[in-house]
Amino acid sequence: MSQNIDFKYLDHVADIRFIAYGKTLEEVFENAALATLSVIADISTIQPQTEFEIELKTVDLENLMVDFLSELLFLFDAEETVLGAVSVKEVGSKKENGEEIRFIKAVVSGEPMDSAKHNFKTEVKAVTYNGIRVEKTAGGFEAEVVLDL
């Protein structure tokens, strides 16, 4: 997990919009994940009791970001697990069947939901494609994401 959590929330009607930053693609994906998880609950109280490996692939970085963050929401709902730690091992590209694809390998951890322990904030329904971007910048990378509440 990256040492410096780096993201900021932006105003957006009926949704939450944020920009995540990172020196590497791995860091920007980690920070986007932490921004998403921080909307749902206070991640500072979550213990790493259960671990999930995530491996995804798709056509580009924007789709990869949506798929990755959507997988976190799926784990929250389907596994009833509150996630609080994210370690993105690799974000890269490779040829598969003659096509260039983007992939991510990550490990996330958390603990079973407990409304008595966890300070749940907001329900996130989905990660949207509205305004999604993942771009290289002078300082590394940034990603802009909109979450549907």
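Glycine is treated like the rest: Cβ placed from N, Cα and C.
Taken straight from TrEMBL:
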BINDING   ASP15, ASP148, LEU149  Ca(2+) binding site
DOMAIN    7-149  domain 'Archease'
- LEU149 (Ca(2+) binding site): secondary structure state under DSSP, collapsed to three categories: coil
- Here are some binding-site residues: ASP15, ASP148. Which one has the most Cβ atoms within 10 Å of its Cβ? ASP15
- CB within-chain contacts under 8 A for LEU149 (Ca(2+) binding site), separation at least 6: ALA14, ASP15, ILE16, THR122, GLU123, VAL124, LYS125
- Arithmetic mean of per-residue pLDDT over the domain 'Archease' (7-149): 94
